[in-house]
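K.L.:
Quick paste from Swiss-Prot:
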type    : residues                       : note
REGION  : 92-147                         : region 'Disordered'
REGION  : 159-209                        : region 'Disordered'
BINDING : Cys263, His266, Cys286, His294 : Zn(2+) binding site
REGION  : 485-637                        : region 'Disordered'
REPEAT  : 748-793                        : repeat 'Kelch 3'
REPEAT  : 844-892                        : repeat 'Kelch 5'
REGION  : 904-936                        : region 'Disordered'
Amino acid sequence: MDRLLNCPNCLKVFNNPRQLECDHILCTRCIEGVYNPGRTPIIKCPVCDKHSIVITSIDKSFPLIHCIEELLTYKYKDCNYDDSLSIPLNNSTGSSNNNNNNNNNNNNNNNNFVINNSNNKNNGATTTTTTTTTTTNSNSNSTKSKVVVNDSSPNLISASPKGLGSSQGSLTTINNQKKLTLSPQRASSTTTTSVNKPPLKLKAISSPPITPNVSTPERCFVINDKNKHVMISSETTIHNVSGLSSISTPIVSDAAIAELSKCNDHDQKKFTIFCTDCDQLLCDECLNNNQQQHENHQLNKIIQEAEKRIGDIESMIITTSLCPNRLINKKNKIEKIIQDSALVLKDTKLKITTDIDTMIENLKERKNALISQIDKEYEEQKLELKDQIETINTTIVDIQNNTSITQGIVSLYLNQVDSEMLSTSLLKKYSDLKRMDQLSDKLSNNLEQNIEWKWEPEYHFPQLFTRSNGEKTTVVYRTKRVSVGVSSSPTGTGSNGTPQQQQQQSANGNPTIITTPPLPPISANSPSPTSSSSSTLIGNIIKRSSPPHLPLSSQNYDNFGSTPPRLTTKLSSPNLSISMPTFPQSNSVQQNGSTSSIMKQQSHGSKLNDNINTNNNNSPSPTSSSTTSTNGSNTKIQLKNPVFGKLLTRKDSVITARRNWIYGFSDHQVEIYDNVTKVWRGGSKIPKKSIEYSSIYDNNCTIYRFGGKETPNDIYCYNVDRDIWEHNKVKIPSKRNAHCSVFDGLRYIYLIGGADRDSSKLLERFDIETQQWTKLASMKFGRSYFNAFYHPTKRCIYVLDGYVNKDKKSSVEMYSLEKNQWSVICEINQPRYLSGVSFDGSKYINIIGGVDRSNSRDIKTMERFDTSTHKWEILNNEPKSLLSHTSSSMNLMVVQSPQLKKNNSFSSISSHSSLNSSSSNNGISGSGGSGGDNEIPTEKMQFFNTSFFDGEQFIFFYGINIDEHGPLLYKFSIKTKKFEKIPIDNTLDLFSTLIFVSK
């Protein structure tokens, strides 16, 4: 039993024993010896090498074994205890005499259970640790036969407390004494004459290992030590005597013992033998029926096996007694988790309720603030309108008076009334009428640009959202996209207006973008345009080059009544490196096209003059921002008001400052131009040089480069935020170069055609989210070096021009995304290449210039394809003024504000006189004819590469001049009507790709 009280690691008596997760019990100091809290929370058991984890501390992680503590307490307490139980046996001679003497001298002291204290002496008597001993009393010669129980056993303990009236350490006599006799097995194993035998210690936990013929005491007393429970083997209950505790133990009945000794499988026959190999009890029937099973097995008597295994049984009892403690700990943990979860649930409910209540209060405050702001803006706008009405009334009266007076003077003058005074008055009134005309134009333009548009439903209160300092700002729509609709005009062609940008200063000096709506079409009764004419012309150019699918941004929504386009196009030839058109993405207003849109607009100017009086009934739609192009169609952009059109989320209403960059991709590296600092800086290196690839910008921050002559199956991705290139593991299924790619504004990129024979007709779709390819229907004709556009309203793709077949014919094909079907629409009147092709995003595809495929000569005409009627219209009025040809070149002329007079039309696009006259008249063009001395020559470009709009007030043109060694980049301001040259001192060349990014 002593080995159970020793630590298996230090082999000493347990000191604060604790149980590890592997069920081994160690001293606390041994556990601390193998625990290194500074390095690891894992403890390695020195007995079995299994790991245990210390969560917080050793005391909280490993339970203390209380039963061992109790055993140690009773072993080392300061009461008189004996360490062992000695059983003296009668000698073979004189045993009867000794017994008689004992009975005569100490009738009450024979065969008693006593508590041995090894540190004291009782009346001079000496107690030995041998099984057979003879104790001599100094006062009496009698021999006492005693049974002493080792206090290490927690069950069978007899007590003789000091406070019961006996002398120093005297034994307490228990009534109803019963003589103790040993079983035959133990009696035979003892020696009557020798004391050199090892002590026989009784081991018992629940019951003493004594055969039924051994008498046990009916009662035994123990000291109540700090209310610690002690198991006592007794048939009776000990009552409180002089402060002693009464302890009751369960009594196993004889019937239960008899039931356990019978076999349940064979009619309750008694077990007769134990099979050590099978580790089970057997009756005679079990042994007879299963002879083969127990053949060659070792069989043993039940009594001998029980004697052999009593130690294991005791160990198993102790081990099993620990199981409830572990289960109780687990149960307590679960109960604690339930309690903690209830607290967390309560706190979470409270937090949710508080947050939602706070949100409701904030929404109510926001609602009241918006309503107050709307009322305030309404009153301000109403006062402004009243002031304008008074100004208009005054101007009308002045005009009427001057007109009537002038008419009278003209009548006198026509009646041949010749007078110097009359002539002077006539000229004076003529000057007054011109001044009044200019004043009327200025007033009308001011009303259209700054007043009227605010009262259209789409533009009610566009500046509701303000910063904390009260400065007006814009609402950013990061991912919202709109489709561009088309509304045909029944009266033919006309002129359209364009949004104007005005930079105003807020109260604190910070600039705020205040925008204007699209101008209404010019009618016969409207005054001739003045300073706004050039803006209108540029607006037409922008609108006719608008992207096929333009997502909204902060600048798009608040700064433009119509879609601001951005052009990115490369003209190409079979022997030149090209980049096919790229389409607009979310944060960058990007679009296919070239400066041919300007020439197209100018070439159509004379026709516009002839039809300028046919659109007097066209006006902006009250429910949308509308612009009227030169062909007489109204382009409607459905824009929702930020308050009434949709419920803004936190993401939608984020206020951000936007910056613009130009990304150029040369053969060597990425060149980045900051539009604020006006400085070029080098980016990352190009991973692999290639030509004839197509590039496109997605809705996030990635520019895809598909194919190319050197990399026909590769996809390279450039991250504009991280300035890194990545080689996409996904390959293009077919070889692609000299092809086109279009983006639907959502998630799909379409690759069309190419120079390779196997892929010249193929159409494949790339999903930028799943990175998977899908093969779609093929075109009717193979194409390369062509142009393609996506029509968002019809959900179709138009492809036209390029190298189609040997007979030098060119056609227009349309692909329906819903039907997955190609159809040939018509043929192009004049097949060409190296031409400027643009799509206005709604109705017309325009082709200008280029080289005739039949004779390789320059083409001087411009054609326009109507996507609604599928018909071509040739616009060839004054082609010489439209295209100034030197070699195979197209000259870019400054677009100024021409006067609507018979001797000056929109077709005269050379920069005659208007710049000087406009600057001398505060932006109002003079009336000079062809320009004369006021003519200002401009730079000339050939092979226009890229044109795009920055979304505010600048149009960028990228190309080459035959007299220059490097490419040219110009920035044209639609506000000041001036060109500004951006120096290029980097690796860009003519065929580099330029992409505009706004964030």
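Every residue, even glycine, has its Cβ placed from backbone N, Cα and C.
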K.L.:
Other Cβ atoms within 10 Å is the metric here; tell me which of the binding-site residues Cys263, Cys286 scores highest.
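P.N.:
Sorting the candidates by Cβ neighbours within 10 Å, the top entry is Cys286.
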K.L.:
Per 10 Å Cβ neighbour count, which of the binding-site residues His266, His294 ranks highest?
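P.N.:
Compared across His266, His294, the most Cβ atoms within 10 Å surround His294.
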K.L.:
Of the residues in the repeat 'Kelch 3' (748-793), how many are helix, strand and coil by DSSP?
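P.N.:
Split into helix, strand and coil, the repeat 'Kelch 3' (748-793) gives 0 helix, 20 strand, 26 coil.
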K.L.:
Please report the DSSP secondary structure of Cys286 (Zn(2+) binding site), reduced to three states.
P.N.:
helix
K.L.:
Determine which residues of this chain, when Cys263, His266, Cys286, His294 are set aside, have a Cβ within 8 Å of the centroid of the Zn(2+) site's Cβ atoms, and list them as they appear in the sequence.
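P.N.:
Once Cys263, His266, Cys286, His294 are set aside, the remaining close residues are Asp265, Lys269, Phe271, Leu282, Cys283, Asp284, Glu285, Leu287, Asn288, Asn289, Asn290.
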K.L.:
Which whole-number mean pLDDT does the model give the repeat 'Kelch 5' (844-892)?
P.N.:
62
